[in-house]
Each structure stands twice: as structure tokens, then as C-alpha cells.
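Step one of this worksheet: look at the structure below.
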Amino acid sequence: MILQSNSIAQQIADEGGVEAYLHAQQHKTMLRFLTCGSVDDGKSTLIGRLLHDTRQIYEDQLSTLHTDSKRIGTQGEKLDLALLVDGLQAEREQGITIDVAYRYFSTEKRKFIIADTPGHEQYTRNMATGASTCDLAILLIDARKGVLDQTRRHSFIATLLGIRHLVVAVNKMDLVGFQESVFTQFKDDYLSFAEQLPTDLDIKFVPLSALDGDNVASPSEKMDWYSGPTLLEILESVDVVNARRQQPLRFPVQYVNRPNLDFRGYAGTLSAGVVWVGQKVKVLPSGVESTVARIVTFDGDLTEANPGEAITLVLADEVDISRGDLLVDASETLKAARNALVDVVWMAEQPLVVGQSYDIKVAGKKTRARVENIQYQVEINSLTQRVVENLPLNGIGLVELAFDEPLLLDNYQRNRDTGGMIFIDRLSNVTVGAGLVREALASVYQENHDFSTFELELNALVRRHFPHWGARDLLGGK
């Protein structure tokens, strides 16, 4: 284990120095995944095992781990690998995970960002936060307990939040004698439940022991009846080809960069599609068109940018653009929605009620929304729907919202950035919920050939800088 603790330094040496090592890391594909399941299924231990077996632990960390394992560990004489991840003092002393803990590690094939999410029901909102940026979910099942309510809850939330790759890991197989029948039974149980989930899921199953490392990074000699890949092999090989490249261009403007009179750029992260120099783009909601003149980054100009890249676009024309505006391909006609049906994960003690107004943020755009009605709340255990008057803490339901101004929205399953929103309490400024757009309602087309480009720009300018004039949006907004 001491040898493993020096492995990162050894990897740097093998690559020929720090710069060569960093260059190799930059060109690896990235997989974001989370671990979730019921209470004490071994999520933090599994992450600790992955870090340990992929040689991501430094000597001082290992020394501290030995000391802490003896003082507050839960595994007797063995290393308590969960302590590598459970950072909060309350977590370490209780042996549970409360907050979402993020960790980074890499192998020769891929880079990973892990979100260790809490298993307790009262922290389901934390799990939803962790799942919102992930491509794959590891659902841990305790081999002594089987598929539990929280496992079903997390499966539903993960798929609701757009995750299509699920790995069902039956953990603690050492406590049931590594019996194949136990693994097979829980696999059948989960597949029976999964019939209620979306049909386009990629579900894989693996039996393992996170504490001892069986089938985590190396095959288990104690489960020779299992001929499938190890967990790490699944993580390294799962197909996460970024389908966002094939999607329509979406570039939400986060910041207008104007350091001097000679430069005006629009900074943000490319959400979907590909943008290139010379491409014709349209600015929404104004509808003004222009051409991409430059794609600026910290490392120099690009000729083309891909989804996920933080860039600054310079347009060929002087156009009035502000934070919250959206750049799309000039050939596209995108609708702005006055109302929308939104799947809501509620995160506040105070329930969501009909008639209440909240501030919301969508892709950098901030406005106000009113709850028109709650169509139903999902009963997580059975995935049935029931009529409710309010949506409580950790509740998930379908809600109709009415916006103060038309918003440019996509279905969340199509685009997380332009289809996802957060609810903010207007008094405390606390985030109280997450919304996932299912359907835009009462839309108006942004194309309107009755007005010239000058008229549209002037109208947008007046509404932005002279709101007390009460000017109406020429495209149908307020």
C-alpha cells in the first residue's frame, strides 16, 4: 500500500514530467458518475476502494487513513476506505454520508469525476443535485437486504435527471458467502422494477465486495461463477459518446466581455451543437442575425468549439446582447414559452404550493414564475401518481408554471442546460427546488417578418434600459 501511495508521482515520471502528464490527462475522455443507494450500502467505501486500487492515494493520506481507521473506523482491523471520502466531521463520526462528496481520479483509459451521494431519505435533494451533471449512476444494493425503497427512489431520480447508463452493483457479497443465487435473485428483482422506468436504459449488473476489492478493479477469485467485466472495466468502456454534438446549437450567454473599446465578446459554455468561425447565428429573443468572427479561449483562438467548452464568441456585427440571451443557428426557429409543464424535485422544508411565485434561473436567464397547478405527485415506491395540494420536501411531481416573460426552453431530456431550472425563494434567496422541463406550453415563434432588425433591436433596447416606459415586446412578450 505504501508503494501505491507514490503511484501518482511515478505516473508523472513515466510520462516524462508534469507537462507531459497533464497533456495526456487533457486528451482522455471524461465520465461523470455517481454512487447512490440505500443507507449504508457501502457507497463511500466503494469510492475509497476505486481510489485505492487505481493508485490515487498519497502517502500522507494513507497514513492519516490508518490512524482514523483505528480511531473512528467501522471495519475493525481493516482500513475504513469510506473515510477517504466522508469529509464532514458529522459524517465521519456517524459513519454515514450527508453532503455530496466529489472526487477525481483517472486511469490509463479515462478520467472520472465521482459524486458520492447520501442514501438517507432526508438527503434525497442532495442526491438529485449530484445526479444533475452525471452520465452514469452506480446503484448499490446490500446483498443482505436486496432492492429497497431508496434504491427505487434513486433509480427514478437518476433516470428523471437524464441518466441513461445504470450499473447495479450488488455489494457486500462477502457477507452472504459469495452465493450466485443471491446475486441472481436481486438482479431479477431489479429488472422487474425497471419495467416501470424508461425503455432506453443501458443497465448492467456486477456482484462485488467494496471492502475487499472483489470485482471492483480486478476480477474476484471467490466469484468464479461471474464471467462479466469488473466495475472499473464497465466504467472505462461504457459508451458516453457526446450526443450533444449532433444537437442544435445552444450557446447561453453568461457574461458580456468588454475589457476595452476594441473588443466585445460573449462568454459562456457551449451547451449543445458545434459552433465554428463563419457560422451564421441568431440571437434570441431579439431574432437578430450575425456571423461568428472569432472563437476566443484562454489558450488562443479556435476554428471550432464543441459542447462543454468555455469560450467567448466575437460576432461580426455590433449586436445588443445581454446575459441570459441565447445564440442558436440562424436557420433555426425556436419557440419561447409563456407556460411549461415541469417535473419538480422539491428541496425545501416549506412545501411548494399553487399560487406561489418564485425566482427561477434557466441557462443564465433569471425571471419569475408562478405555480399554476400541481398535476400530480409521484409515489416513488410504486411510481404511481396521486393528486396533492402541495409538494413537500423531497417530493417529486409534475407542475405547470407561468412565466413573467416568454422563455426559450428545450425538453430537459434533450438539453440539460436550456431544459433545467432552479427555484429560488424570493425572500431568503435560497435554492428551494429543481425543475426539468417536460413540455413548453403557449409558445410564440421568435420569427416575425413584420418587424425590421432595427425595430427589434430598438424595442429590446428600450425594454432593457427604460422599463418604466412600459414598452411591450414586439415578439409577444411582456
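A Cβ is built for glycine as well, from the same backbone N, Cα and C atoms used for every other residue.
If you look up Swiss-Prot, you'll see 37-44, 116-120, 171-174 marked as GTP binding site. Under the DSSP three-state reduction, Asp40 (GTP binding site) is assigned to coil, being neither helix nor strand.
If you look up Swiss-Prot, you'll see 28-244 marked as domain 'tr-type G'.
Mean per-residue pLDDT, taken over the region 'G1' (37-44), amounts to 75. According to Swiss-Prot, the region 'G1' annotation covers 37-44, on the basis of similarity to another entry.
The region 'G3' annotation in Swiss-Prot covers 116-119.
Residues or ranges marked as region 'G4' by Swiss-Prot on the basis of similarity to another entry: 171-174.
Counting other Cβ atoms within 10 Å of each Cβ, the lowest count among the binding-site residues Gly37, Asp40, Lys43, Met173 belongs to Asp40. The DSSP secondary structure for Met173 (GTP binding site) is helix.
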